[in-house]
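Undergrad: OK, TrEMBL features for this one:
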BINDING   B:N61, B:N62, B:G63, B:G64, B:D65, B:G127, B:F128, B:S129, B:F130, B:S131, B:G132, B:A133, B:D156  (6S)-NADPHX binding site
BINDING   B:N62, B:D123, B:S159  K(+) binding site
DOMAIN    B:11-217  domain 'YjeF N-terminal'
Protein chains: 2
Amino acid sequence: MALKTLSAEKAAALDKELMSDGAFSLDQLMELAGLSVSQAVYKFHPPGKGKKVLVACGPGNNGGDGLVAARHLKMYGYEPTMYYPKRPKNELYERLTKQLQDFEIAFTEDFPSALKSTDLVVDAIFGFSFSGAVREPFAEVIEAMETTKTPVLAVDAPSSWNIGSGPPESGPGKNFQPNALISLTAAKPLVKWYKGRHFVGGRFLSKAMAEKYDLDAPAYQGVDQIVEVPLQDQKL
Amino acid sequence: MALKTLSAEKAAALDKELMSDGAFSLDQLMELAGLSVSQAVYKFHPPGKGKKVLVACGPGNNGGDGLVAARHLKMYGYEPTMYYPKRPKNELYERLTKQLQDFEIAFTEDFPSALKSTDLVVDAIFGFSFSGAVREPFAEVIEAMETTKTPVLAVDAPSSWNIGSGPPESGPGKNFQPNALISLTAAKPLVKWYKGRHFVGGRFLSKAMAEKYDLDAPAYQGVDQIVEVPLQDQKL
């Protein structure tokens, strides 16, 4: 069974519709998305495997999901460290950052050093709105995630990958294969090139919205906000 | 071991602090609170026991928690019906209501009739800011919850109860004993008079905030947003 995917254009349209006709606020959606990310981390890498989690956040909403996830991870008993080098002036991101400071979560400006002593990396740098070339400081960070032996869980997309056409042909990310990926709302076409464990999260689509965007309803269990999708389901 | 409780005044101060210094938005807190309520429903009354849930929402934030919970319950496979007779002009509540409509959740104006065919009632009428006398249409609703054989789960407080001194000495709610209660953030002093199953939810307090308000950190497990508190822990 092929997994239905959501192109970058459709993902942007769906987000926009959720926040207009759908009456969701970005605060609300980001809280649920980040909660899903934290649950995927727990499933992929439970605290018994090591509690240190380095969360790399980009300047947009993918980074915001990482900020929310880190707060929940702290509540679950992890020890997150944030790498958040580019912070646009944005009221929501500023509040999410303040929350992390109140939770006594450390921030680092030195990703390579932090990488040496972490048990897991969360890649929340770029999401479905990314395209084009990776610039510093993220080029260096993506190269480090590409070569590290430490497991990496990517949020919505392995950073540097094109949402439609997968890994870049050259430059940072060319050989980047995270060990886990959580697709938010629905998988993006890039999953065709992806080989690790795959989770779907973001349990907030009405049946009408899922039908309108021609998406499968993931087989969520109980109160779980995420579900693991077997690899054979994602061959396209 | 006595469970530490939070007075109505301190609960209001804590809420205010979370949304000022704490940098949380009401959207965010209500989403997490309502999610906790939905998880308590799932634990207390899993869908196998009957999927019909009648959610009675009051005009304030307690009602808002009920609105959020209903959306999550629908995602879990329940069939919620909303009783929401008093709707103040409030942008957040209006959006939460629109979300429920998009999820094809029914609204009723006839609580007694809906009560006859439901499997569970969620009492999200009044929370920690309630005091004084109950007015219609809620007096009738509380009397119906007081006498029904259908299980009732109350959000933060059995509606009509005084937060500090428990059940009213006369009038609606005098003999109201819900079968389950979920305390949000922390139990209120009224739990001293409460005899049913007790859950605590609202997993968003930093250690510093819990200490400042002299609260116990509930023993949440894994990614759970709620925890059941054994009865012997709530004797004061």
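Placement of Cβ uses the backbone N, Cα and C atoms for every residue, glycine included.
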Undergrad: About how far apart, in whole Å, are the alpha carbons (Cα) of B:N62 (K(+) binding site) and B:G132 ((6S)-NADPHX binding site)?
TA: 16
Undergrad: What does DSSP assign B:D123 (K(+) binding site), in three states?
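TA: For B:D123 (K(+) binding site) - judged by DSSP and reduced to three states - the answer is strand.
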Undergrad: Grab the (6S)-NADPHX binding residues from the record (B:N61, B:N62, B:G63, B:G64, B:D65, B:G127, B:F128, B:S129, B:F130, B:S131, B:G132, B:A133, B:D156) and give me their largest CA-CA distance in Å.
TA: 22
Undergrad: Just the number: how many Å between the Cα atoms of B:N61 ((6S)-NADPHX binding site) and B:S159 (K(+) binding site)?
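TA: That separation, Cα to Cα, works out to 13 Å.
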Undergrad: With a radius of 8 angstroms around the mean position of the C-beta atoms of B:N62, B:D123, B:S159, what other residues of the same chain does the K(+) site pick up?
TA: B:A56, B:G58, B:G63, B:G66, B:A124, B:I125, B:F126, B:G127, B:F130, B:A154, B:V155, B:D156, B:A157, B:P158
Undergrad: To the nearest whole angstrom, state the Cα distance for the pair B:F128 ((6S)-NADPHX binding site) and B:S159 (K(+) binding site).
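TA: That separation, Cα to Cα, works out to 10 Å.
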Undergrad: For B:G63 ((6S)-NADPHX binding site) and B:D123 (K(+) binding site), determine the Cα separation and express it in whole Å.
TA: 9
Undergrad: Sorted by position, what residues of the same chain at least six away from B:F130 ((6S)-NADPHX binding site) have a C-beta under 8 A from it?
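TA: Looking at Cβ-Cβ distances below 8 Å from B:F130 ((6S)-NADPHX binding site), excluding near sequence neighbours, one finds B:N62, B:A157, B:S159, B:S160, B:W161, B:N162, B:I163.
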Undergrad: Quick check for the class: what is the C-alpha distance, in angstrom and rounded, between B:G132 ((6S)-NADPHX binding site) and B:D123 (K(+) binding site)?
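TA: Cα-Cα, rounded: 18 Å.
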Undergrad: In whole Å, note down how far the CA of B:D123 (K(+) binding site) lies from the CA of B:D156 ((6S)-NADPHX binding site).
TA: 9
Undergrad: Using DSSP and collapsing to three states, where does B:G132 ((6S)-NADPHX binding site) fall: helix, strand or coil?
TA: coil
Undergrad: In sequence order, which same-chain residues at least six apart have a C-beta under 8 angstroms from B:D65 ((6S)-NADPHX binding site)?
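TA: Spatial neighbours, sequence-distant, of B:D65 ((6S)-NADPHX binding site): B:M30, B:A33, B:G34, B:V37, B:A124, B:G127, B:V155, B:D156, B:L184.
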Undergrad: What residues, ordered by sequence, lie under 8 A Cβ-to-Cβ from B:D123 (K(+) binding site) and sit at least six positions away in the same chain?
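TA: Within the chain, B:D123 (K(+) binding site) has Cβ neighbours under 8 Å at B:A56, B:M145, B:V152, B:L153, B:A154, B:V155, B:P158, B:S159, B:P178.
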Undergrad: Judged by the number of other CB atoms within 10 angstroms, which among B:G63, B:G132 is the least packed of the binding-site residues?
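TA: Counting other Cβ atoms within 10 Å of each of the binding-site residues B:G63, B:G132, the minimum falls on B:G132.
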Undergrad: Just counting, how many other CB atoms are there within 10 A of the CB of B:D156 ((6S)-NADPHX binding site)?
TA: 30
Undergrad: Within the domain 'YjeF N-terminal' (B:11-217) only, compute the mean pLDDT.
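TA: Mean pLDDT for the domain 'YjeF N-terminal' (B:11-217): 97.
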